[in-house]
Protein chains: 2
Amino acid sequence: MELIKSHLFIRFKLNPPRILALGFMLLIIIGALLLNLPIASQNGESIGFINALFTSASAVCVTGLVVVNTATHWTLFGQTVIILLIQMGGLGIMTMATIVAMISGRKISLKERLVIKEQLNQETLSGLVKLTKYVIYLTLFIEGIGALFLSIKFIPQFGLIKGIWFSVFHAVSAFCNAGFDITGNSLMDYNNSVLVMLTVASLIVLGGIGFGVILDVVRNRKWRKLSLHSKLAISFTVFLIFFGTIIFYILESNNPLTMQEFTFKEKTLASLFASITPRTAGFNSIDVAGMNQSSTLLTIILMFIGGSPGSTAGGVKTVTMLVLIISTISIIKGERDVEVFKRRIPYETIFKSIAIIMIGIALVFFVTFILTLTEDQEFLNILFETTSAFGTVGLSRGITPELSNAGKLILTLTMYSGRVGPLTLAFAVGYKEEHKRFRYAEGNITVG
Amino acid sequence: MELIKSHLFIRFKLNPPRILALGFMLLIIIGALLLNLPIASQNGESIGFINALFTSASAVCVTGLVVVNTATHWTLFGQTVIILLIQMGGLGIMTMATIVAMISGRKISLKERLVIKEQLNQETLSGLVKLTKYVIYLTLFIEGIGALFLSIKFIPQFGLIKGIWFSVFHAVSAFCNAGFDITGNSLMDYNNSVLVMLTVASLIVLGGIGFGVILDVVRNRKWRKLSLHSKLAISFTVFLIFFGTIIFYILESNNPLTMQEFTFKEKTLASLFASITPRTAGFNSIDVAGMNQSSTLLTIILMFIGGSPGSTAGGVKTVTMLVLIISTISIIKGERDVEVFKRRIPYETIFKSIAIIMIGIALVFFVTFILTLTEDQEFLNILFETTSAFGTVGLSRGITPELSNAGKLILTLTMYSGRVGPLTLAFAVGYKEEHKRFRYAEGNITVG
Ligand SMILES: [K+]
Ligand SMILES: [K+]
């Protein structure tokens, strides 16, 4: 009897991933209720719950897919709700919980620390409160700098108040990799502004590289002193941005629907930005619907990979993909160990990467399959939209406002799953703490 | 100096996968030269080397993608070359080498046995010659029975000689999972013939389940006596066929371009066949180009999975995919061992499955990406064509004859890679026999 009770307790208790999943869900619902209010919409009428839910999920999950134009549909109240949801989503609901705990002076329990640990992907419990403070200060600091740079462009253009509001909104939206804009046209009017493009691009990269990596770099400064994790995250991110820029330049520079009319400088800026934004910001400086099929496929792959772990970005994450690529190469070479930068990658890490990527692929294809049934859209656009939702990217080839209600709900769930993380969600479902004490004999299977 | 020489010897010597890869290449080139002859084409003019090469690769790799209609373009000579290439490709060039060896009475070397072992995916070397004989007898026996059944329909329809030729051609093409037809219209005129549909479907399934599994079933008869490999291959194949049939029925039964006009019997037959043919036969009884996007995506996934290891089928293989799915579930559950049917799956097998599937995904997306640049076709059709070539399936949404020369060459290479097997090919490139004697320390990486 005691055994059963204890077993049930283990089965249903709130483990960190479950708390995370529930926290995000709660925030989305609160956001939906607020955005559903008539005062949130310019026309004074409620937008309807499904649209409010979609928008709230898109903000909390820092996705940026929108069913209505953020600039023209929402009131200042609505936009403020959205940017607050983005900031809370971006920092992570658990980091927010720590703030609340600090403000109210309540002691943080070990379980809460574990939750934060899971959220930040840090391996040590000690100094977590300190770290959380760091994260918040750093976020506000970087967003502040970003807003300052943007204001150089926006204040002359929109006047002081509106200029500051635009600068703050887009700095937060960029650093949180949210991709929401209140220009009405994303960054397509700022193609030729090196200041705006590079500021936003820098905010995206910093927001998507992971707090841990930023702290590591700030503390250690030298490449060889960095952790293996930081080395992998930085090198793969640089690799993806560099080659992405070159390939986008080649593929799109003569496309009349995107860059053909651009100068060399604008083409380079636009290619760089097209390479950075799938990591997983969602701003666009060229017309995504006008991109040709090859660039679209490349964007889909980059969106699926996404940013780095422990960051505001989505996707399966750079390091996860890199671990799988390195592992595959090692297997092909017939090597016993998977090694990188003179370190051995633990089997556990490899298995975790596999699970994340397999679930990611399965989820993207399953949702795409369902949407081919509910939506009357081209396959490539559906695949793009699904990957964008899963990776919480927010880029779209224009089909978001045309989605059916079923489609909106499915993508809401996809954004949620993409944000909480395929594995975190999976752990939250299948988590178990006990293992069997005996092992079966190995079976002989031929594969391939 | 001695060390360097020995190292070079290990590096460049012919290991089994390399012999396989070269053998297939040689057969394709011989076939291409024969099909390039004017006497092979009905119009008495050479088809041109690229088209001959494509057709030969399609036959040897038992793919079935065609740039010209097999029924109307080729002479009897051409068709005979094609069916011989199919039979040799299907049995495996190395099994053929054994036949040659047996006929000439030459002793089979250990290296040749190793090559055959690799080809048949058998774990033991003993009795390999016996096994090879078995494979050939069994193939001819099953194809004979199949031809007999088909002749019941084809002899009355086409007369004795042409009827037998049609029966033999399609029985061989079906069992080898080749998908070439000389009806001119695949099996679309036999929608309502239970005899033809079920005979061909049975040949496809038997050809795609693997010789090892057939032998295991013939020898042991009882489920619990079967090897773990046979259990996995059979259960996943049955699962895929069963659910595939139901889903295709639901998705296509009201599609005016495919099944809408069919009777219930014809719809059921057509759904069953649509579920079986991606494993990886390539015959079609409904218009593939008319299928809606959801069924097309389902077909792409089934084609990617393909048949079972050690068979005439292509794809990453059922068991490979199943191992990865089971492993992912175990990882999610946080279990130490990956278990199935009361056996533990060795880590080596899991890693091999990962490598095969990762290379498969990478190859399909890479080729699709290149084809979006060389071909002016819809993305979904390109993805379909690429997966069909990679899985050596042969289904097409109609773009094969419209391909550019670059596209034809790329798909020729894709068929070849798909047949030789992603991992076999990969091993052939990166094979090495020595391991380092020291291990690096484990590194700490956060993924997901
Ligand atoms: K985003
Ligand atoms: K085939």
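Using N, Cα and C of the backbone, Cβ positions are placed for all residues, glycine too.
TrEMBL lists B:20-40, B:46-68, B:80-103, B:134-152, B:164-182, B:194-218, B:230-251, B:312-332, B:353-373, B:409-431 with the feature transmembrane segment.
Panel annotation: around the transmembrane segment (B:353-373), residues 304, 315-317, 320-321, 323-324, 327, 379, 382-383, 385-387, 389-390, 407, 410-411, 414, 417-418, 421-423, 426 of the same chain, lying at least six beyond its termini, place a Cβ under 8 Å from a Cβ of the stretch.
For the transmembrane segment (B:164-182), the residues of the chain that approach it from at least six positions outside its boundaries are 58-59, 62-64, 66, 70-71, 79, 82-83, 86-87, 89-91, 139, 142-144, 146-148, 150-151, 154-155, 158, 199-200, 203-204, 206-208, 277, 279-283, 307, 311-314, 392-395, judged by C-beta separation under 8 angstroms. Nonlocal intrachain contacts for the transmembrane segment (B:46-68), taken as residues 6+ away from its ends with a CB within less than 8 angstroms of a stretch CB, comprise 24, 27-38, 40, 74, 81-83, 85-86, 88-90, 173, 176-180, 281-283, 312, 314, 385, 388-389, 392-396, 400-401, 403, 405, 408-409, 411-412, 415-416, 418-419. Sequence-distant neighbours of the transmembrane segment (B:194-218) (same chain, 6+ residues past either end, Cβ-Cβ under 8 Å): 90, 120-122, 131, 134-135, 138, 142-143, 146, 149-150, 152-153, 170-171, 174-177, 187, 226-227, 229-230, 233-234, 237, 241, 265, 269, 272-273, 276-277, 279-281, 283, 285, 306-313. Remote same-chain partners of the transmembrane segment (B:134-152), defined as residues 6 or more beyond its termini with a Cβ less than 8 Å from a stretch Cβ, comprise 90-91, 95, 99, 120, 163-164, 166-168, 170-172, 174-175, 195-196, 199-200, 202-203, 206-207, 211, 214-215.
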